[in-house]
Amino acid sequence: MRRETSRPNIVLASLLLATLVAWVGLDAVSVAPNRIVPGSGHGAHEVAGTAGLAASLLPLLAGLGLAWRPTLGRLRLSLGLVVAMLAALPAWLALAAANLVDPALPQARMGIGAGVWVALFLLLLAMIELRSRLSLSRALGWALLLVPLASLTACLAVWLEPLALRQEYLGRSEQFLGAIGEHLLLVGVAVAASLVLGVAMALAMRHWPGVQKVGFAVLNFLQTIPSLALFGLLLAPLAWLAANVEWLAALGVSGIGWAPALLALVGYSLLPMVRNTFVALDEVDPGVIEAARGMGMSRGQVFRQVRLPLALPVILEGIRITSVQAIGLTAVAALIGAGGLGTFIFQGLGQAAMDLVLLGALPILVMALVADALLGALTDLLRPGGAT
Amino acid sequence: MIDLIHVTKRFGEETAVEDISLSVARGEFCVLVGTSGCGKSTTLRMINRLIEHSEGEIHIEGQQIRAFRGETLRRRMGYAIQSTGLFPHWTVERNIGLVPRLLKWPAERVRERVEELMTLLGLAVDEFAGKYPRQLSGGQAQRVGVARALAADPDILLMDEPFGALDPITRETLQEELRALQARLQKTIVFVTHDMDEALRLADRLVVMHQGRIRQQGHPLALLREPADDFVASLLGGEDRGLKEAALLPVSERMLPLGPRLVARERVVQHATLREALSIMLWRHAERLTVVDDEDIPIGELSLRRLVGARSHD
């Protein structure tokens, strides 16, 4: 056994310890007789009794033990444990639903408590830590997440009927899919438009240094306007345009709705896009460019065959940042009637229905994570010299 | 082959190169040497029009370089630079085949040429063809850089401190290889360096530049023996000039046939330099060495007197 691996893994141990504290100390679920009455919290011991609670702590304690003297084998075992615990969370909720929700009350609903949320979050962090310790590939990490996802799907289908989140969804299942579609469309169009504009601006800035200063000043200023204010500022000019330009009105442009949302999104997306593209193109090793020119490549060939391919990973990094940012910002666009998942968030806030807020917020979170992961993987693939 | 006639280069107000004239004959190894900022790299880059000269004329084989398009001109000349400038996103094979592909050679001929060059530079084709530059050591990368410069079989090779970033041992190996390559291929080479030992070792024609002007040019030995001014003398090594000259001359130049005296115990091979012979004398406290050939058979002798005293201009 190598000494290196036998030192305690502090990160893993603290994560598991914190999970344990949250699991025991915070509410596991909250149960309300209907949608209007605020729910009452229930700790883990109420979900499964003291014996059940003790049993649920066993894998955590085992994980802590493994983290104390980690070897390769023990780390693998820990990863298995963490994945199993993640997969067990929906089952735990199902158990809570069975034990705590009165079947005589058809309107009764169960919310997920802080204890379970914190456990979910910390266990995911533990999984990331273990993935990097074991240097597993990104793809394998995602594949492992399928296990808890499968468990969640199964539980949702069979046992988790009273889960408030599910009930909110069932009430709006069509709206929900529509909102996801709108959200993705807004983000997609905004990112695509800002990519085209951003690359054009970056090229112009490289060509005319004067444009560079002015361009970055404008983009930086744009970035400092609060998003709500920007939506407000666009309202008047767009309404005027819609009233005076017929084909724009026919297209659906108006002071509220998708048009100002899209404009604002593109405005915000431009800075990261232009900055990354500009820096990417500018920071290609001058020695390489000099060699390319010295070998007799024309300017076009140098750009297409050398500068652009070498800059591509950093440009993709810009697309990644922009996409993640736009996915979040689009939520705010719901306020001016642009649709998307933000609709649920603001409805939920208005009705003090936190589960409805979650119904909007969780998919946004997942979208952002997926976009981040996919574009990150693509960037790795396009690194010079191929993937390592 | 290459003629610079009263060439001047100005960047705005600043004069980088001032009124230089230089002729490099076919097959000549010309080294431009000087402190940084002396205009040697600028001079090199004016030859392939990476930098346009402001005044004067530059001719290649009697034709003005402005008669060609920049790209066309550059594809006719090999170009190698410090830190190699290899394209990190291309394999070794693709890097070397760059200029032939730009010249639209058929793929098969490019592949053959790449393999030929890799063999010439001691890079095993099977091992290195598919590798990326970052998987190579400094010396290997520089070999690829030289192979790329030679790819389209240009008559002229321009090299800008190609070995500047290498460790001393690798650098010396590559210098030897380049010298041997030059003897075989008879390219006309213009080579820029600030390393005087490298310059002396490689040059047929040494051009010393300072503040944009040529201070002196000629054969390395001529410069060592009669430096034009104090600057050239100090750049050439100051008080070390005697040793530098000795490093350029082989033992065979000064040895005498075996005399009636007893053969000396300490030996030196005939193609060692006088500097090495002197070092052996100092090291062994010997005033006489026996000169041997490659089979270790004595063919002559070298005395300290002879080594020191027979300098041609004394």
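Including glycine, each Cβ sits where the backbone N, Cα and C put it.
Remember, predicted model here, so these are calculated numbers, not experimental data.
Here TrEMBL flags A:180-375 as domain 'ABC transmembrane type-1'.
Here TrEMBL flags A:47-67 (among others) as transmembrane segment. For the transmembrane segment (A:47-67), the residues of the chain that approach it from at least six positions outside its boundaries are 8-9, 12-13, 16-17, 19-20, 23-24, 28-29, 74-75, 77-78, 81-82, 84-85, 92, 95-96, 99-100, 126, judged by C-beta separation under 8 angstroms.
What TrEMBL lists as transmembrane segment is A:79-98 (among others).
With a threshold of 8 Å between CB atoms, the same-chain residues lying at least 6 positions outside the transmembrane segment (A:110-128) that come near it are 12, 15-16, 18-19, 22-32, 39, 41-44, 63, 78-79, 82-83, 85-86, 89, 92-93, 96-97, 100-101, 141, 144-145, 162-165, 354-355. The transmembrane segment annotation in TrEMBL covers A:110-128 (among others).
Below 8 angstroms of C-beta separation, residues 79, 83-84, 86-91, 93-94, 97-98, 127-128, 131, 166, 373 of the same chain, each at least six residues beyond the ends of the transmembrane segment (A:140-160), sit close to that stretch. Marked as transmembrane segment by TrEMBL: A:140-160 (among others).
Feature annotation from TrEMBL assigns transmembrane segment to A:180-204 (among others).
Positions annotated as transmembrane segment by TrEMBL: A:216-241 (among others). Residues of the same chain lying 6 or more positions beyond the ends of the transmembrane segment (A:216-241) and with a Cβ under 8 Å from any Cβ of it are 205, 248, 253-256, 259-261, 263-264, 267-268, 270-271, 274-275, 329, 332-333, 335-336.
The feature transmembrane segment is assigned by TrEMBL to A:247-271 (among others). For the transmembrane segment (A:247-271), the residues of the chain that approach it from at least six positions outside its boundaries are 186-187, 189-191, 193-194, 197-198, 201, 219-220, 222-223, 227, 230-231, 234-236, 238-239, 241, 322, 325-326, 329-330, 333, 336-339, judged by C-beta separation under 8 angstroms.
For the transmembrane segment (A:326-350), the list of distant contacts is 168, 172, 175-176, 178-180, 182-183, 186-187, 190-191, 227-228, 231, 235, 256-258, 260-262, 264-265, 268-269, 356-361, 363-364, 367-368, 371: same-chain residues at least six beyond its ends, Cβ to Cβ under 8 Å. Residues or ranges marked as transmembrane segment in TrEMBL: A:326-350 (among others).
Among the features that TrEMBL reports, transmembrane segment is placed at A:356-378 (among others).
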